[in-house]
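Engineer: From TrEMBL, here are the annotated features:
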BINDING   G29, A31, V32, N36, S257, N289, L354, D357, S358  Na(+) binding site
DISULFID  C135-C144  disulfide bond
TRANSMEM  21-40  transmembrane segment
TRANSMEM  52-74  transmembrane segment
TRANSMEM  171-189  transmembrane segment
TRANSMEM  201-218  transmembrane segment
TRANSMEM  246-271  transmembrane segment
TRANSMEM  283-307  transmembrane segment
TRANSMEM  327-356  transmembrane segment
TRANSMEM  388-412  transmembrane segment
TRANSMEM  418-441  transmembrane segment
TRANSMEM  462-481  transmembrane segment
TRANSMEM  501-525  transmembrane segment
TRANSMEM  537-556  transmembrane segment
Amino acid sequence: MELDQGTVDQEPGRATWKRQIEFTLAGIGCAVGLGNIWRFPYLCYRSGGGAFLVPYLLMLLVMGIPLLYMELILGQYMRRGPVHALAKACPLLKGVGLATVAISFIMCTYYNIIITWGLYYLFSSFQSPLPWQSCNNTWNTPNCTDRINPNTSSHSSTASQQTAGVEESGVLRWELFLLLLLAWILLYFCIFKGIKSTGKVVYFTALFPYVILLALLINNVQLPGAMEGIRFFIVPNWEKLLELEVWVNAAAQIFNSIGIGFGSLMAMSSYNNFNNNILKDTLAISITNSLTSILAGFVIFSAFGYMSHLQNIPVSELAVDGPGLVFVVYPQAFATMPVAPLWAILFFFMLLCLGLDSQFAMVEVMVTSLMDEFGGPLMKFLRHKEMLVLAVCSTAFLLGIPHVMQVGIYVFQLMDHYTAIVSLMFLAFFEVLAICGLYGVRRLSANLKEMTGNRPNIFFKVCWMFVAPLLITIILVFTIIQFKPARYEDYVYPPWAQGIGWVIAMASIIWIPLGALHTLWVLPGSFTEVLNLVKRFWIGWGGIQIFILSYCPSLIPGLTVLPA
């Protein structure tokens, strides 16, 4: 049964963005985050420099833009957060919506730790010389040296006075605890009025980082050796294109960076005007996100060239490893630059802005979903929406306290590994199956026509029907095949810690089968009829069946008559 106009509650009283540019800026702020600054340059570095740009831009075209367009269409049409939007679109996979809320809330509890570290470094930068320029500190490791070593960090990270492993909790680091509290206070006052306050804040937090990036780029390109780093970034190592991992990493980076599967942008688009031209927002968000990654690449690789000049080694032999790029390698570069504290302050303030923007979106998913489901009872009890936002922020703050103990870096790495790597790929696969497959391209096209008067062109239809499902499946299979247990540097987590990691992963994934079971339980009909429905559902997993469900849903009525 196809949704008609009466099925979608357009809720005239629902808040909307005061200006459409506010949604666009909020979307850009959500998509552009810390991953653009460290993960994209790191993947470029590991994948042969410029060779990574080829699959990256191709994946943006055939997967990033179409899937973002898909999410924004559904959110704007349903005018609900991901839970209710997906429940109406595909009741059998309504658990996907719950899973997006769960993964966003789990991630916001530890994502704010990165903002906390950024604040720590920011406040530490208001001194000269910078604290990590010497070994005269209590937190320095025994192998610390005042000379730059080509194989190790010069100094231990100031924010990571950790224990020997996850078995030892250590003591609470009060300075980080207070900074974590400050991070949540900043976040609360940015979003406590909902889109009214967020819409104003994003004018600064979404735009100011570009001022800093440009300033850093102008400074970096004047440093000796900078051109060698930039050459490494833009000149491809074509042999790397023959490696499947490079293509999978490019697809995964597009997916993670834009935020497909988190529900954040779907929740934000639910506050759009019903007739808003969502394609313009889609292109603005996705293209700006990728251009930011490329701009950050020039900034970071120019610094790499400078570091290779100081160490007298090729750029390809620098010791670069993931998040350490932001909190170890780049601070080393600052330490030897003229006016070092100024550049350090600008850089870490930029990280604060980028982190807050992404955090806005993740918290908003939780708040929107709670209001959609329990708005009436919650408002009777809490009186004001601001109190609900406070309750969500307070809960996430309390759950983040283990990260600011000496064991915190191990807790952070464990949660990030099993949430951002394991859970997200499963969730993304089922979201594409639910919307592109079971809800169907035909319905999605009709929704867009009802809102804007135009249907999507053939390019988007082909991507939704074939390209996106195929790529998501490949990424999921590759993730499973190449899966490795969590580790931090040379430390391998014990089995019980890995078990906790899987519990964290299942905290979001479990809602998908539970939602399906609930839908089957409440379906009218005999037990045999329900089993036949399940059988037809499993048949629908193939690519041919996705095509049939998109264009000929009447051929498999059991999957199109589920009650909303």
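Just so you know, glycine gets a Cβ as well, placed from its N, Cα and C.
TrEMBL labels come from automatic prediction, so no person has curated them.
Here the structure is a predicted model, which means the values were calculated and not measured.
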Engineer: Who are the long-range neighbours of the transmembrane segment (388-412) in its own chain, taking Cβ under 8 Å and residues 6 or more past its ends?
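Structural biologist: Those are 105, 108-110, 112-113, 116, 160-163, 165-166, 168-173, 176-177, 179-181, 184, 187-188, 191-192, 194, 363, 366-367, 370-371, 378, 382, 488, 491, 493, 497, in sequence order.
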Engineer: If you count Cβ atoms within 10 Å of the Cβ of S257 (Na(+) binding site), leaving out that atom itself, what do you get?
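Structural biologist: Its Cβ has 23 other Cβ atoms within 10 Å.
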Engineer: May I ask whether the transmembrane segment (501-525) has at least three C-beta pairs under 8 Å with the transmembrane segment (201-218), counting pairs 6 or more apart in sequence?
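Structural biologist: No, since the transmembrane segment (201-218) and the transmembrane segment (501-525) share fewer than 3 Cβ pairs closer than 8 Å, they do not count as touching.
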Engineer: Among 283-307, 327-356, 418-441, 462-481, 501-525, which stretch has the most Cβ pairs under 8 Å to the transmembrane segment (246-271)?
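Structural biologist: Answer, by Cβ pair count: 418-441.
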Engineer: Between the transmembrane segment (283-307) and the transmembrane segment (52-74), are there at least three Cβ pairs closer than 8 Å, leaving out pairs fewer than 6 positions apart?
Structural biologist: yes
Engineer: With a cut-off of 8 Å between Cβ atoms, can you find at least three pairs linking the transmembrane segment (418-441) to the transmembrane segment (462-481)? Only pairs 6 or more residues apart in sequence count.
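Structural biologist: Yes, the transmembrane segment (418-441) and the transmembrane segment (462-481) are in contact.
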Engineer: Let me make sure I understand the structure: which of the binding-site residues listed (G29, V32, L354, S358) has the fewest other Cβ atoms within 10 A of its Cβ?
Structural biologist: S358
Engineer: To test your reading of the Na(+) site: which residues beyond G29, A31, V32, N36, S257, N289, L354, D357, S358, same chain only, put their Cβ within 8 Å of the Cβ centroid of those residues?
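Structural biologist: Close Cβ neighbours, site residues excluded: I28, C30, G33, G35, T292.
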Engineer: Counting only residues 6+ away from its ends, which parts of the chain sit with a Cβ under 8 Å from the transmembrane segment (52-74)?
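Structural biologist: Residues 43-44, 85-86, 89, 234, 236, 240-241, 246-247, 249-251, 253-255, 258, 260, 265-266, 269, 278-279, 281-283, 285-287, 290, 293-294, 432, 435-436, 439, 444, 447-448, 451, 456, 459-460, 463-464, 467-468, 471-472.
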Engineer: Can you work out which residues elsewhere in the same chain, 6+ from the ends of the transmembrane segment (327-356), have a Cβ less than 8 Å from its Cβ atoms?
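Structural biologist: Same-chain contacts beyond the ends: 32-34, 36-37, 111-112, 114-115, 117-119, 121-122, 125-130, 132-133, 148, 153-155, 157, 159-160, 186-187, 190, 201, 204-206, 208-209, 212-213, 215-216, 219, 223, 300, 303, 306-307, 310, 318-320.
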